[in-house]
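Participant: To start, I am sharing the structure in question, which I have written as structure tokens.
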Amino acid sequence: MTQVLPSGLVASAVVAASSANLGPGFDSLGLALSLYDEIVLETTDSGLEVVVEGEGAGQVPLNSEHLVVRAIQHGLRAVGVPATGLIVRCRNDIPHSRGLGSSASAVVGGLAAVNGLVSQAGWVPLSDQQLIQLSSEFEGHPDNAAAAVLGGAVVSWIERCGDRADYSAVQLDLHPDIHLFSAIPEVRSSTAETRVLLPDLVSHDDARFNISRAALLVVALTQRPDLLMAATEDVLHQPQRASAMPASAEYLQLLRRHKVAATLSGAGPALIALTTNPDLPPEAVEYGAANGFTITAMTAGDRVRWKPGVAFSD
């Protein structure tokens with residue numbers, strides 16, 4: 001007889017937003033940000049109920065197609081135990097379709113919440129490596145997912161063997177002098193829509209340029225933040241995406257003219273700025289506010305947290 005999770009178990013997870021690429025580190029570098037979603041699960045005898053508060057309420061599906069639900073089912077299959085029924089409550093603060101890793105956070109949060117359930121019933125929770133692998137299988141690349149799992153800054157990579165892709169990541173010790181800012185516009189953009197703007201092939205010169213900058217960025221993030229301007233230069237994806245988000249592209253250039261190491265956050269249209277100054281230049285703040293950007297001082301986000309029982313916010 002197949003074992004199932006008993007009814008009445010409650011678990012929760014809190015997961016951070018993330019910024020991928022950071023300029024040159026396309027699909028490999030990521031940074032968790034101090035903006036969080038919370039997921040609360042409860043097992044029931046049957047059925048599925050999905051409740052969404054905050055970002056996405058009234059817009060995302062409230063059935064088995066919901067990304068968090070799909071991640072939960074993926075995690076339960078990986079552990080090897082089903083649930084006969086679920087109540088899934090999502091409290092979302094991470095903006096959708098802005099380049100802040102909301103989909104990766106949804107997947108990582110759903111998988112982590114599974115750990116809170118199965119740990120109460122005698123099953124071994126998913127490890128960090130399993131969380132990275134399972135969540136990256138949804139995304140197709142591990143940069144956002146790994147940042148959401150591990151917290152802080154990460155370098156991630158893929159090893160392929162035939163049709164299989166193995167996803168891995170290591171965490172970097174972010175230099176304490178680095179200050180983070182997000183600039184989030186009201187407009188939205190989808191990663192799929194902007195990826196079609198990227199060429200299938202790039203020149204050796206462009207590849208060499210980005211390789212050097214991505215390598216330098218690891219040093220800048222951990223040891224030499226004075227190198228952030230040079231280390232965040234990119235020729236592989238940000239110039240190509242500029243036409244799809246002209247306001248973000250213009251603001252990006254303005255920030256960089258003021259010696260702020262700004263990049264697109266993921267596929268945009270949000271921007272992330274890394275600087276050793278505790279404040280952005282007044283001209284940059286004024287321009288952002290006048291052009292529909294919400295500017296927020298951030299810190300590096302924490303690793304995903306899960307626990308059995310009541311919600312973190314209770």
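Cβ coordinates come from backbone N, Cα and C, glycine included.
Checked Swiss-Prot, it gives:
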BINDING   Pro95, His96, Ser97, Arg98, Gly99, Leu100, Gly101, Ser102, Ser103, Ala104, Ser105  ATP binding site
Participant: Using Cβ-Cβ distances, find the residues under 8 Å from Pro95 (ATP binding site) that belong to the same chain and are at least 6 apart in sequence, listing them in sequence order.
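Facilitator: Result: Glu55, Ser102, Ile184, Ala270.
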Participant: Around the ATP site recorded as Pro95, His96, Ser97, Arg98, Gly99, Leu100, Gly101, Ser102, Ser103, Ala104, Ser105, what other same-chain residues have a C-beta within 8 angstroms of the site's C-beta center?
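Facilitator: Once Pro95, His96, Ser97, Arg98, Gly99, Leu100, Gly101, Ser102, Ser103, Ala104, Ser105 are set aside, the remaining close residues are Ala17, Ile94, Gly266.
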Participant: For Ser105 (ATP binding site), which of the three DSSP-derived states applies: helix, strand, or coil?
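Facilitator: It is helical.
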Participant: Just counting, how many other CB atoms are there within 10 A of the CB of Ser103 (ATP binding site)?
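Facilitator: Counting Cβ neighbours of Ser103 (ATP binding site) within 10 Å gives 19.
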Participant: Of all the binding-site residues given, Ser97, Ser105, which residue's CB has the most CB neighbours within 10 A?
Facilitator: Ser105
Participant: Using DSSP and three states only, what is Gly99 (ATP binding site)?
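Facilitator: Where Gly99 (ATP binding site) sits, the three-state DSSP reduction gives coil.
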Participant: Looking at Cβ-Cβ distances, which residues of the chain lie under 8 angstroms from Gly101 (ATP binding site) while being 6 or more apart from it?
Facilitator: Ala17, Ser18, Ser19, Ala20, Gly30, Ile94, Asn144, Ala147, Ala148, Gly266
